[in-house]
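Shown next, in structure tokens, is the structure this report addresses.
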Amino acid sequence: MSIYNTTVFMPSEFTLIGIPGLESVQCWIGIPFCAMYLMAMIGNSLLLIIIKSEHSLHQPMYIFLGMLGVTDIALSTSIVPKMLGIFWFHVTEIYFDSCLLQMWLIHTFQGIESDILLAMALDRYVAICYPLRHAAIFSHQLVTQIAAMVTLRAAVLVAPCLVLIKFRLQFYHTTVISHSYCEHMAVVKLVAENIRVNKIYGLFVAFTVAGLDIVLITLSYIQIFITVFRLPQKEARLKAFNTCVAHICVFLQFYSLGFFSFFAHRFGSHIPPYIHILFSSTYLLVPPFLNPLVYGAKTKQIRVHMIKIFCS
């Protein structure tokens, strides 16, 4: 009978407290988060406008870049408005189903972004290692199929996490989530029941998506570097390497922050909660903010068209 007296049965809503330990300064923390969000929206929107309006950019690499921009806009929009509502207006309550929806959107868009980075790495691999066959392999039909596949794969893999929480877990120690958004493990840790299945499936999804993608991306770039260093001319090596610099920068910043957040949630009990929450929130906002800056600075075609827009 004690479980009924000390727990909450099927709560209708949760309370997001934001960044535990920093509640008094959250209003100031929200300012850089809001600035990054606005810059991400403007930068990625400019990228999409340039890619759509310039026929010369209707190539697989830039189409994947446009898909990345759409994903970044959707990912940041699923987090920041509610987060700023907590920081600035103390709107901490969120309905149970809304929390699950936000969780599904966040983890789905994370999976889509990881898969797009893999597609971009494979595109560079074929373009550099098999340049004469690139146009035949990466046709518009294949690009469309990749877009549909990465979206479906992430959505389907993440959906059982919601089903397991919704229909398997009923009793919760508390309804207060020590986080600024609804993250899978942050919600599961509130449960007063056996959560082994939820943890195992969460690890399965993480390693199926991010783990497999990292291995394939790493192998692709290893093969790219081997091919580049075999080129006889220095100018050709620099030109081939420059086409990959932006992808490598985005790849490193996305996965380095992501893995810190992932392992801190599961094994970082000694890490102060406010550091973990700050890193988790930054991890989801920095890629959408930096991606258009990195590609705008490192990709000549994007840079030229962006300068034309600002000059006009």
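Quick reminder: no glycine exception, Cβ is built from N, Cα and C everywhere.
TrEMBL does not curate its annotations; it predicts them automatically.
According to TrEMBL, the feature domain 'G-protein coupled receptors family 1 profile' maps to 43-295. Summarising the annotation, TrEMBL assigns transmembrane segment to 28-50, 62-89, 101-122, 142-165, 200-228, 240-262, 274-297.
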Contact call for the transmembrane segment (101-122) against the transmembrane segment (28-50), three or more Cβ pairs under 8 Å: no
Distal contacts, the transmembrane segment (62-89) - CB-CB under 8 A, six or more residues away: 16-18, 26-27, 29-30, 33-34, 37, 40-41, 44-45, 47-48, 51-52, 102, 105-106, 109-110, 112-113, 116-117, 119-120, 123, 143, 147, 180-181, 281, 284-285, 287-288, 291-292, 295, 299, 301-302
Range from 200-228, 240-262, 274-297 with the greatest count of C-beta pairs under 8 A to the transmembrane segment (28-50): 274-297
Stretch-averaged pLDDT - the domain 'G-protein coupled receptors family 1 profile' (43-295): 89
Residues from the same chain, set at least six apart from the ends of the transmembrane segment (200-228), whose C-beta lies under 8 A from its own: 107, 110-111, 114-115, 117-118, 121-122, 124-125, 128-129, 153-154, 157-158, 160-161, 164, 184-185, 188, 237, 240-241, 244, 248, 251, 255, 258-259, 262, 266
